[in-house]
């Protein structure tokens, strides 16, 4: 008997495997899988319900219908296992073999597999070098193809129409062989000599010049090599045997009423079998050619429909006009095998219910309804009942549970003790959407949730539902407790800030108790300690908000856990003293001695976590919550209509605005303004008015007059409930209060344009019908937007997860010294993100020196920068640091811990095995729903603000000039003549506090290192013209300047001054078309001047449309403006904002009219112009080849003739193209660009995301390289391969002293990068399943199952987290097997034996 059971176990024993390979199945292979041929289209006998013999459900082929019982019933029971019944031919076996046994159909005529024919690029077409059109004409019997020309003038592979074929027959007889249909194609494929073809192509590629041809040839070469290497035969793409899916995977289910529900596949198979059998008969009968041909074509079409319905021609539909679901449809799409069943499975031991608030719970608890718990923990209860001897069998235990006997509840209590359950709320946008809690049994049917975890779940109690899952095994319980317990997830993985932060009522309560109220009961009392305050408050001798003096005992704990106690009498309020009583030891009183707004509480919890650790913080968070709820109740804050105080100034402000608008309307009427200008001005006026009203309103709400104890009237912060709620951050914002008590303001039309007339009323006054109608627009658009946004944001997250899913921390340190240079993010005069925030939790890549002393190492390389180190850096005035980054990490698969730095959710160096890719994707995708969907139109205010014409310093400090090329004027001022210069102001410590770009032609009134005071103007320029500036002085001579031919004189009507304008070549008379007007400088002797240190004569070309007022022979000083090019005020461009912008950046889309960058460094000159384009030539200084580029005439250039540019400098402005940045400026600059652009979008919405998440995604976007030349490696020129693979090849080549391959990094968008991953399982489960699988099969791809997705699909532990240990162990064992035992191991084993 024991053997039997072992046998049973062995039947479904899964082999351990390390990789999966898919390839084409040969006909013999298909036959070897099969258990018999399906010959009839019948399914089951409708009377007996037994499967028909040789039909699609035949028991003889596929196995018995009942367990261990043959069809006729002769053999039953286990003892006959393996017997084949002589009567019905059925093997006695378990019924589940019907899920795995396949059959086959022998096709009477070969049929092309549609995937290899129609999935682009067509593999069959590539191999035969024919167009898809031609192949289809052969396959679907429209024309003949020559297979063997014999001794005729025909060529192999030539197509012949019917007439041509019969003509050829008459001419040559049966000397040649031409056929049609799949057998013809099969013959051609079988005749291919792959090796010879590959040789021929390899020789041909270097000898062709046309790019397109090389591309085509290398595509063919790649495919041929793939076939040759993988052992696939090309003719296997044509099917001669068709496999039949096991019947239980395409079931036939009897419905009540004698009808059957069937899988579509059965219909499709029936079609194939019917046509196949008919074709066989026709062939036996030697039917006329035309009938056989038609039948063959129909067979081809039916097989096409079975494999991929609708790919060619019209989809075959069922009885209800619905296209039938083919084999391809089964695996692709959201409802396909991959996404429905392999990546998302339903799980047992789970339940869901509505959530309600559980204000009395501790942070690690959740309330679980008894009924649910009983159902979820059933198996545990059964086993306990049996174990205790309370029930004899499982069945008895089941009965007890169903009767809900008293003892069952006691046992449930025991079972549940310390058995965590997982709570999940959909949508799970980040990993905090599933957390573990200890259940507390409650009455009722709703799950109780702790209020503090609502932020993480994004849950509210308006009817949200949550799901409960039970971790069953000990390991699962352990992981749930150690990794997923809500108490272990206090910090957000996106930015490292606490996510367990009180909100709403709790904030309101804490804010209320920490406010001061003037002249409250007990003001001015002095207390010896907090206990005394409590007694006084309890005895009602003192109010909660009274100002008092209290003696406070402050404890400070330093790094080494040493305590320092300071005792001092401080001014505070009763509420603050009471709140300080629940603080853990080690937190300063200053943290609470303020109005506790939401921000202050967040800072408090952060400080608590950093100073006193996790355990104390969790207890503290709970205490804070209970306290907050208690005092919120006491405060009695509620709002009524009268709390919305309308400011008295409102009417005045609105009147003034209306008068301004009238003024502008009259200007418009008299033609002084265009429609657009009027619109912008009006909208500006109303936005300003709205701001004024809301400021007046907040001032009015925020202050109230009270009498102090001296009897004087003073202002104090108001206790108006509305103001309290907004100011504390509990609920509502100034913008919302503005609509309630100020004015509603401007509204947008559905198309996004703003309506000129604002709604001047607010909700308290009430809207009239017109105002209400206008406001409905906005409200509806808001709802429509939200729905769209959710879908788009979810899709972005999905693409991000897919591109980064296989990035895991695999190593402690890769040892690289590369990194990214991080600087503070400064916009104009404001530090938006200080350096400390950007480098916190990163590892330094090189020694950091202090700003004042270049020898003094502040922080050595390889240090993890924590809060204290960052403070040291701030003090030392460091303003740029090279930190390690995932982008520059050199680990082969994955990233090393040092390059990643701190695990934001845990606050220490990241653990090996952390799935940083998925975390990064979630952190970027989760706030996606908060981003806007709209494109901003720059109107009014913004377009005028852009015309800045000077730089005014905000802070005093030292001037630093970066990348400056300048010349000095006579008056000592510097004039900037480079384009990428910048001016920064550094403070005493040497940190840069302000940073400004300097345009060309700016006049600076300061020098490098000069001290300036706040408010000083350091630079001026004319924003409306672009100057041309001389770099040497001399006498001006004009060349090619002829009035009416190349230039025309303009006289300004108002000032009477005259200007000479250079005419556009297209407006010049024919004689002046090719003349290029220029200005030459001569020295005092009348000789040509040269630029200092060169042989280049000093010539300034005057571009078209430039204006100048010099005369021939004028003397020119250094730094004079010789001509000005008027700048058209830049047209208002729409700025794509929000979610679409983030998607564009991650998809690496090229912008419409990107900025043009210099490809090489050198001197600029202009060549011959073509129609509509300028030819710009850059000549390098080191005599290499010059570089030419054609630029459309309308593009404004930033460079002049003779100017020198650096590689990657902007020649013509526009939105940056990330591909250019990578190519010309390298990975570092690209990373910086993408990080800053994405952070700008998120920062606008107030979302904080750590840079490293974006870096992780960027790493995945640049992991491919283009091979520029193959050297002596096996790579093909023009191929795209993984960087890792290329570096491995080059390493090999280096060891053998061969030529390495040259390459160029490429940037792929996230969708492309996901599909270009090494793992075909991951790619197929993402998008374009058919294409991915076709390619993988043809090339015989092997999937090494390195990523997370692949392992989920094959049902293994993922190689991340606790699963990474399992995978490492397996890898180690495999190495040992392959490499045998090493000598060291033997020695170790021996010594171990001897030491026993």
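A Cβ is built for glycine as well, from the same backbone N, Cα and C atoms used for every other residue.
As annotated by Swiss-Prot, Zn(2+) 1 binding site applies to 70, 72, 85, 88. Per Swiss-Prot, the feature Mg(2+) binding site maps to 460, 462, 464; the stated evidence is sequence analysis. What Swiss-Prot records for 814, 889, 896, 899 is Zn(2+) 2 binding site, and it gives sequence analysis as the kind of evidence.
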Are there binding-site residues among 85, 460, 462 that sit within 10 Å of residue 814 (Zn(2+) 2 binding site), Cα to Cα? If so, list them; otherwise say none.
none
So which one is it: of the binding-site residues 70, 72, 814, 889, which has the fewest other Cβ atoms within 10 Å?
72
For the Mg(2+) site (460, 462, 464), what does the 8 A shell look like? I mean other same-chain residues with CB within 8 A of the CB centroid.
355, 459, 461, 463
Can you check which residues sit near residue 896 (Zn(2+) 2 binding site), meaning Cβ under 8 Å from its Cβ, same chain, 6 or more apart in sequence, and list them in order?
809, 810, 811, 812, 813, 814, 889, 890
For each of the binding-site residues (85, 88, 899), count the other CB atoms lying within 10 A of its CB, then report the residue with the highest count.
899
Cα-Cα separation of residue 88 (Zn(2+) 1 binding site) and residue 464 (Mg(2+) binding site), in Å?
58
Indicate the candidate from 460, 462 with the smallest number of other Cβ atoms within 10 Å of its Cβ, considering only these binding-site residues.
462
Separation of alpha carbons, residue 899 (Zn(2+) 2 binding site) and residue 462 (Mg(2+) binding site) (Å):
44
Which one is it: of the binding-site residues 460, 464, 899, whose Cα lies the shortest distance from the Cα of residue 85 (Zn(2+) 1 binding site)?
464
Determine which residues of the same chain, besides 814, 889, 896, 899, have their CB within 8 A of the center of the CB atoms at the recorded Zn(2+) 2 site, and list them by sequence.
811, 813, 816, 884, 886, 888, 890, 891, 895, 897, 898, 900
Zn(2+) 1 site shell beyond 70, 72, 85, 88, criterion: Cβ within 8 Å of Cβ centroid:
71, 73, 74, 75, 87, 89, 90
Cα-to-Cα gap, residue 464 (Mg(2+) binding site) vs residue 72 (Zn(2+) 1 binding site), nearest whole Å:
55
Would you mind checking how many other C-beta atoms are within 10 angstroms of the C-beta on residue 464 (Mg(2+) binding site)?
17
Pairwise Cα distance for residue 460 (Mg(2+) binding site)/residue 899 (Zn(2+) 2 binding site) [Å, integer]:
38
